[in-house]
Amino acid sequence: METLLGGLLAFGMAFAVVDACPKYCVCQNLSESLGTLCPSKGLLFVPPDIDRRTVELRLGGNFIIHIGRQDFANMTGLVDLTLSRNTISHIQPFSFLDLESLRSLHLDSNRLPSLGEDTLRGLVNLQHLIVNNNQLGGIADDAFEDFLLTLEDLDLSYNNLHGLPWDSVRRMVNLHQLSLDHNLLDHIAEGTFADLQKLARLDLTSNRLQKLPPDPIFARSQASLLTATPFAPPLSFSFGGNPLHCNCELLWLRRLERDDDLETCGSPGSLKGRYFWHIREEEFVCEPPLITQHTHKLLVLEGQAATLKCKAIGDPSPLIHWVAPDDRLVGNSSRTAVYDNGTLDILITTSQDSGPFTCIAANAAGEATATVEVSIVQLPHLSNSTSRMAPPKSRLSDITGSSKTSRGGGGSGAGEPPKSTPERAVLVSDVTTTSALVKWSVSKSAPRVKMYQLQYNCSDDEVLIYRMIPASNKAFVVNNLVSGTGYDLCVLAMWDDTATTLTATNIVGCAQFFTKADYPQCQSMHSQILGGTMILVIGGIIVATLLVFIVILMVRYKVCNHDTPGKMAAATVSNVYSQTNGSQPPPLGGIPVGQLPQAPPKVVVRNELMDFSTSLARACDSSSSSSLGSGEAAGLGRGPWRLPPPAPRPKPSLDRLMGAFASLDLKSQRKEELLDSRTPAGRGAGTSSRGHHSDREPLLGPPATRARSLLPLPLEGKAKRSHSFDMGDFAAAAAAVPGGYSPPRRVSNIWTKRSLSVNGMLLPFEESDLVGARGTFGSSEWVMESTV
């Protein structure tokens, strides 16, 4: 019976095991171990029905994306876990916490971006960790903390690693293989491989390493090494594909005996591209450091930050250190910070920082130094209110003692608070929107003041502003204030205390004041409006002045050239037609002989009309008549026409000047006529001399006359003009008289008008007619004639 029950129980257990195998998986029950094989089954996640007693689990070649904490829970007996060739991008922390028996973990060919601190937590017996061909960009410092002493094989190749937790690698004392090839490593910490005595394979191929730290482990990679022990096996070392900087720092590596590697140099330029093992040792050289730039002197106010700069060059790049004035090596602390580029920042300066700071630049070839002189301006420290009440040992109260004494007899009493006394020693005046004048006074018995310090801050801001003032000044103008704001201001005195060898300070006094309000927008608008108004006013004044000036000129012109009504009524003029313009004279029928036509006389010159005043003609006639004898004047007075009384003498003008010249010419001609009339021979000669005028000779007189010398005449090559008399209708009337025309006996008496013409001729008139016509031509006009 017992045998039957045992058989049934064994059959049930076997059936249960077979039934627990996941779908699409193969479960093998080999003696005491159970293996679950699910490779390349298209799984999207870890099957939840996996037997928790599984020893070997293979899930490679699937499409698993995420690993959770429940996927491998309670699999304490799992020894080998393969998750290769999936698309795993995230592993939840503590997902492998129950895999305490796991020896081998394969996570290669996935998409893991990083390994966190708790990603591999719980793998206390892990020996093989394969994480190659991922996208690892960083590994946490404690990611390998649980299996540092048990790990034998670590493969991190074909990732994007810029660095490793080298401290953790240093403690992997049982490590046999370390694959770090095809990454972005550019630095290996010195002493990383010092304790890896069991390391048999080290692959650093295809990284960005420029140098390797010297380590005794690399001596086991020499080809001549024949002795090997299980505790110190030969080292297979590969570091090809790195841009090695072949200088004196790699001279130790060059001295190793290797004959089968093809490493090349990446720098310097003289060795670039050459095989590392073919370069002579003499060519591995370095350059000593040279400081190219540094701070020389620095003046800093106590309590403020200070920056000291020091730059150096060399091969290899030198390291820069700073030494304080007390020969102390300056490092990173809460008050100082040293950067890789050689800059030293002192965040808060003290009096102990005053002195020379030394910059030391050192490399494998030597060192260089430079000194930076730092001067700290010590600030006086404000004492509390309780210390002001009792006089200190340095007699600080003497500064304000005078103010107390001066007001001691004022009846204020001894009960007045002592703190109110120093406040009255400071006076603020001349307060504007952005400035204020501060004045203070101290007693003569006070110690010798070294310097004054002015402290003030805005009532809306807690920032305290300091101003250092020489001891010789007792007033100071505070500028750059904010308008419409209250300020608290205190004046402190500082001097050297001989007892403590420190700077002693005390408050001289305090005051409060408000700056005036400012309205910049309104003020600017007012100035703009005022400026525009001034421009308009000035422009209006200029325009009005110009208008008045123009009106005055017009009125003056009209007054000077206006003819009076009496003269216009008395004057009779006649139309004169040029002898060469082709016009016909008007008919003379009905006009009696000796009667003047009622037409204004004109002289035509180049089609330009120019009227001369009547006074000019009268002045010419009066000057001509005055040269005659008294008998002739009496004869003219008895004529049928009487001349009106002479007009007032006109103002000097061009017309008057020309008339004067004409009068002088006529006067000379009249004298010659008088001489000719007295002698018969002379009369005939005079008649003949004036009766033949050519077209080229002016009628005003011979070429040598004074009028001709003043009036410019055309030359031979130009149109010829002559000066002639134009008597208007007198010529026509004389022509109508039977008997033809006779030359005038006295030409000067009929010079009432002048005409410029090409063919001038002398018109015949009797002397009696001219005397009567003189009253008619009271006003004359000049007409310019066009010539053909």
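A Cβ is built for glycine as well, from the same backbone N, Cα and C atoms used for every other residue.
Swiss-Prot marks one residue of Asn384, Asn581 as N-linked glycosylation site, namely Asn384. In Swiss-Prot, the feature N-linked glycosylation site is attached to one residue out of Asn341, Asn457, namely Asn341. Per Swiss-Prot, the disulphide partner of Cys359 among Cys286, Cys310 is Cys310. Across the repeat 'LRR 5' (150-171), mean pLDDT in this model comes to 94.
Residue counts for the domain 'LRRNT' (21-52) by DSSP state, with H, G and I taken as helix and E and B as strand, are 0 helix, 10 strand, 22 coil. The DSSP breakdown of the repeat 'LRR 5' (150-171) into helical (H, G, I), extended (E, B) and coil residues amounts to 5 helix, 3 strand, 14 coil.
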